[in-house]
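Peer 1: Reproduced below are the annotations present in TrEMBL:
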- 30-50: transmembrane segment (TRANSMEM)
- 71-92: transmembrane segment (TRANSMEM)
- 98-121: transmembrane segment (TRANSMEM)
- 133-150: transmembrane segment (TRANSMEM)
- 156-174: transmembrane segment (TRANSMEM)
- 194-219: transmembrane segment (TRANSMEM)
- 225-245: transmembrane segment (TRANSMEM)
- 250-273: transmembrane segment (TRANSMEM)
- 279-300: transmembrane segment (TRANSMEM)
Amino acid sequence: MFAIFAVLIGVVVAIQSRINGQLSVELSNGLAAALVSFITGLALVSILVFGFKQEREALFRIFAAIRNKQLVTWEVMGGVLGGFFVAAQSAVVPQIGVALFTISVVAGQTVSSLLVDKAGITPSGKQKITKPRVLGAIATLIAVAIAVFPDLTNSEFRFLPLTFSLIVGVFASIQQGMNGRVNVVAKRPLATAWLNFASGTIVVVIALSIDLALGASVAPLPGNFWVYTGGMAGLVFVAVSAYIIKHLGVLNFVILNIAGQLVGAVMIDWLAPAKAGSLNGYLIFGTVMTIVSIAISKLYEGRRTNV
């Protein structure tokens with residue numbers, strides 16, 4: 001069941017990417033679009049958290065745990081890393097392209113997920129680096145590379161932005177582990193999500209302020225309502241992932257979530273393509289390869305368990 005949730009919120013991430021991408025085009029500024037997404041998500045989760053007693057109590061448990069040293073400072077910084085991811089994406093993608101950024105982030109995520117699980121950062125405890133887990137991570141990276149292959153020809157290889165993208169992927173995995181630890185204390189994923197959106201919003205505000213000070217501009221807010229729903233999708237992702245991460249571990253979550261993102265991308269490009277040729281054989285094959293690799297990995301692990 002938790003695996004299904006991980007795939008489903010991967011589909012949600014794909015939908016959010018389309019929404020925020022369109023908002024970024026209409027505002028002519030990726031950071032401004034990210035800020036709108038964070039603010040709308042923060043507004044929604046604030047209504048839910050402060051409107052219900054159980055959610056407020058969960059948030060207060062987090063603050064109490066920080067005061068009592070049950071949670072150390074770095075464990076509640078997941079939202080900061082989320083904001084950093086968005087800011088980095090806006091800065092790096094124009095330099096190396098979406099395809100190369102995506103592969104770099106996935107590479108950083110999959111490798112660091114193995115290490116995060118081994119270190120026991122998540123509530124699920126320490127997990128050994130086994131052959132099926134390594135092969136699953138490699139297969140996922142190859143599948144994503146195949147899926148975005150047509151766009152790689154337009155990507156420009158630059159060492160520093162590429163390295164930065166890898167680091168962003170590493171931070172993304174660590175963020176999942178952090179959120180899982182916080183949610184063990186909160187026991188309510190909406191409270192964990194509120195902390196993420198609040199701290200992430202601050203990071204994006206700072207990044208956008210620097211961007212504007214350097215001469216960037218922002219177009220007027222668009223009138224179509226749907227481009228403001230990215231924050232809602234982000235809230236679903238953060239809340240659900242914080243809850244299920246302890247049951248899956250970071251690597252399994254990342255692989256399943258990437259599979260969901262690819263499935264979502266295929267669905268979106270089929271039903272509402274952003275441009276002609278968005279849906280192609282590379283994307284479909286990469287998606288199928290990811291799903292098959294997950295199935296084989298789970299089957300292998302199941303046989304090892306039964307031996």
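Along the chain as shown, residues are numbered 1 onward.
Glycine is treated like the rest: Cβ placed from N, Cα and C.
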Peer 1: Let me check one thing: do the transmembrane segment (98-121) and the transmembrane segment (279-300) come into contact, meaning three or more Cβ pairs under 8 Å with sequence separation of at least 6?
Peer 2: no
Peer 1: If contact means at least 3 Cβ pairs within less than 8 Å, sequence distance 6 or more, would you call the transmembrane segment (133-150) and the transmembrane segment (250-273) in contact?
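Peer 2: They are in contact.
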Peer 1: Excluding the flanking five residues on each side, which residues at least 6 beyond the ends of the transmembrane segment (71-92) place their CB within less than 8 Å of a CB in that stretch?
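Peer 2: Here the qualifying positions are 30-31, 34, 38, 62, 65, 101, 161, 164-165, 168, 171-172, 174-176, 178-179, 181-182, 185, 195-204, 207, 211, 238.
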